[in-house]
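*Asks:* Below: one structure in structure tokens.
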Amino acid sequence: MSGNEVAMDGVNGDSFEKVKQRLKDRSKKVAQTKEMLSKQAVKSKEMLSKHADKIAKQAEEHERFINKVTHFCGVLGFGAFCFLLGARPQDIPYVYCLFYVIFVPLRWIYYRYKKWHYFLLEFCYYANAIFLVMLLFYPRNEKLFMVCFSFAEGPLAWALIVWRCSLVFNSADKLVSVLIHLFPGIVFFTIRWWDPAFFEAMHPEGTAGRASWPYVESKSYLWTWLFLVPLAAYSLWQVLYFLIVNVLRRQRLLRDPEVMTSYRELSKKAQKADNLWWRLSGLLGEQNRLFMYSLFHALFTVATMALTVPIFLSYRLHVIFQILKVSGNDMERGKLFA
């Protein structure tokens with residue numbers, strides 16, 4: 001072997017060793033980089049965890065503060081309302097109108113965001129809209145008053161008891177839900193029994209004022225305007241609700257299961273509890289549950305509207321009914337904090 005060949009072999013050997021060393025150095029750098037990145041990742045996770053805990057604590061404190069403020073405002077408002085109810089019952093209808101024009105639009109915005117806006121098509125909002133029209137534009141219309149009385153002390157009032165609504169002062173949503181059902185009954189109670197000046201203006205044209213109210217010759221007048229006419233108005237709402245929710249907006253509801261309706265919410269709760277309502281609604285099969293729900297709703301409305309006639313005629317019975325509504329809501333509130 002010549003000297004040049006030996007020299008070339010030496011050079012090649014040195015080059016191979018250098019390449020090998022470079023590869024080792026690079027692998028070490030890669031390993032060091034990986035180790036550094038993993039350490040940084042661990043540190044980042046720890047920092048994020050600390051920040052998450054801090055944010056969670058701040059959010060909890062913020063929520064607790066909001067609950068305290070809401071509870072304080074709720075109790076203060078309820079106390080002021082009770083004082084006003086005793087001191088100036090004739091002003092209660094105006095307080096109700098103020099409550100409606102402030103909180104119902106706010107509820108629409110909130111429910112639209114939560115995909116609960118179909119709840120605003122329920123009968124309670126339909127009835128409350130009629131109450132507002134009657135109080136502001138037709139306060140002397142005796143027949144419309146009786147229709148509103150039937151709505152307020154019929155299905156709206158009994159819904160509080162049957163569905164076990166709770167008067168929770170630290171939840172604005174629950175508080176508004178209860179007041180939408182409870183407030184109208186109190187309004188029409190004060191008009192019916194505690195505001196005689198209101199009734200002096202309520203009599204058919206061409207007749208003199210009367211000592212007693214309502215101006216009736218037989219109970220058929222009462223049954224007509226406290227039961228039959230309100231039932232016809234309810235039937236109109238039921239048809240409109242079915243057309244809007246189950247026909248016109250059917251595909252929209254099928255595409256988005258997060259959009260809530262009263263039927264979806266109640267059926268979900270009933271199925272989870274496997275209660276009597278769920279079993280009864282399935283008597284005609286799974287495909288007819290919506291029909292059974294509508295049927296039960298109609299029967300409930302008929303029964304509660306029929307009960308408004310004796311309530312309308314008896315002051316004592318009406319007072320007992322007011323106590324039953326308020327105490328029932330308060331008992332449900334107690335269960336939440338038990």
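Each residue, glycine too, has its Cβ placed from N, Cα and C.
For reference, TrEMBL lists these features for the protein:
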- 69-87: transmembrane segment (TRANSMEM)
- 93-111: transmembrane segment (TRANSMEM)
- 118-138: transmembrane segment (TRANSMEM)
- 144-163: transmembrane segment (TRANSMEM)
- 175-194: transmembrane segment (TRANSMEM)
- 222-245: transmembrane segment (TRANSMEM)
- 290-313: transmembrane segment (TRANSMEM)
*Asks:* Kindly say whether the transmembrane segment (93-111) and the transmembrane segment (144-163) touch, using the definition of 3 or more Cβ pairs under 8 Å where each pair is 6 or more positions apart.
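*Replies:* Output no: the transmembrane segment (93-111) is apart from the transmembrane segment (144-163).
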*Asks:* With a Cβ cut-off under 8 Å, give me the same-chain residues at least six positions beyond the ends of the transmembrane segment (69-87) that come close to it.
*Replies:* 95, 169-172, 175, 186, 190
